[in-house]
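S.K.: The structure that follows is given in the form of structure tokens.
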Amino acid sequence: MSLPGPDHGNPDHAHMLANKWMNATKLAEMVKTQGLVYKKGKFSAIEEQQLRTAIEAFKAGRGLTNDQLQDIIFQKNEKGKDNAFWSEITSALALRPIIAVYHHVRRAFHPKKQQGKWMPEEDAVLKQAVADLGQQWEKVSEIVGRMSSDCRDRYRNHIANREVRVTGVWTKEEEEELTAIVTEMTIQQGKDFDNDVFWGKVSDRMGNRRGRQQCRIKWTDSLSKTVKNEGQKPRWSAQDAYILVHKVDSMNVRDDTEIDWKTLPDSDWNLWSAHSLQRRWLTMKRGIKGYEDMTHQEIMDILRVKKAHLPPASAARKRKVTSVANIDEPADPEPGDAGPSGTQEGASDGQDRDADGSTDDSDA
DNA sequence: ACCACCATCTGGCTCGGTCG
DNA sequence: CGACCGAGCCAGATGGTGGT
């Protein structure tokens, strides 16, 4: 079709993804038996754009009003009428199963999709509604006037266990307790403590004094690194920045929302979790003046020079960097200055930047 | 029994704010 | 700055229901 996608593999598969409502089991089976490939996880900015375009095209093609479109998405009209809709917009995406697009679009177009803070009155209404109805979030949603998932989140994260919940700095004892629980649930069972933790369970075992994401963030951002580094807390260095830029560069994506951060950590450089690397990336990006209005390519061009000491156009670098071993590390691991003087090409205008770009074009 | 379609429940992630 | 936390946002899995 219109997409010149790099490889949308088997056309049968594309058709299947756009037309068959497969559940997780079936999907997994297809992956196994037929080599089906599909995409999971957050929709990238590019996918969002493709979806918007496809929806607009559908709407224009049938001369629909916004209300009619809304009706199709939420199916307030009579059943089974015009349900080419989901298949049609899904096929604009090539690698997404129809069920994923369905959920995504329904969330995105939801009339109660309002953002914003919860007022104390809303909390009270929510609490009462749950007391009356139990955790029937669709019914609760009617009463509270927010999306059911938002009601659930609010309840789960802020109403439930409010009496025992602790916030603020973690004590030494809490940290040790969390470390013990996580290592017991993962390492001692041969699982991976970066990926295989059920945080709800962990929170339970902490007596709910800390919530799911409190535990998770504490672990992934802080404690896990200490565990990996034999009790020492590692510091982010210029070399780390250098490696990160190289890795992102080698992914050749059009936009950083297309990056699957899970693939970035590797065994030679495993102090940093996917999450912390993503945060680092954001921080670096924001260090660039005017980054909001720049494309991914432009941002990469700047970072390549500033952090990775590569020529800006990337033309030379096509090699795939899959592990740290493939990266020419900055020559001297001296703290304070990690400038890899060796990698510098004889770039014509080659202005020599210092290693951590402390004084250059970052904004005021 | 099967299929298209849908609601709801479970689990994970992003990102801005704040503080030292 | 970077470390850390809070609050909200998002996707996946599960388990229907009504029509054939």
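Cβ from N, Cα, C; glycine included.
Annotations for this protein, taken from TrEMBL, read as follows:
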type: DOMAIN; residues: A:110-159; note: domain 'Myb-like'
type: DOMAIN; residues: A:110-163; note: domain 'HTH myb-type'
type: DOMAIN; residues: A:162-223; note: domain 'Myb-like'
type: REGION; residues: A:312-364; note: region 'Disordered'
S.K.: Could you tell me the mean pLDDT the prediction assigns to the domain 'Myb-like' (A:162-223)?
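M.R.: Computed over the domain 'Myb-like' (A:162-223), the mean pLDDT is 75 on the 0 to 100 scale.
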S.K.: In the domain 'Myb-like' (A:162-223), how many residues does DSSP assign to helix, to strand and to coil?
M.R.: 36 helix, 0 strand, 26 coil
S.K.: Could you count the residues of the domain 'Myb-like' (A:110-159) that DSSP puts in helix, in strand and in coil?
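M.R.: Counting residues per DSSP class in the domain 'Myb-like' (A:110-159), I get 34 helix, 0 strand, 16 coil.
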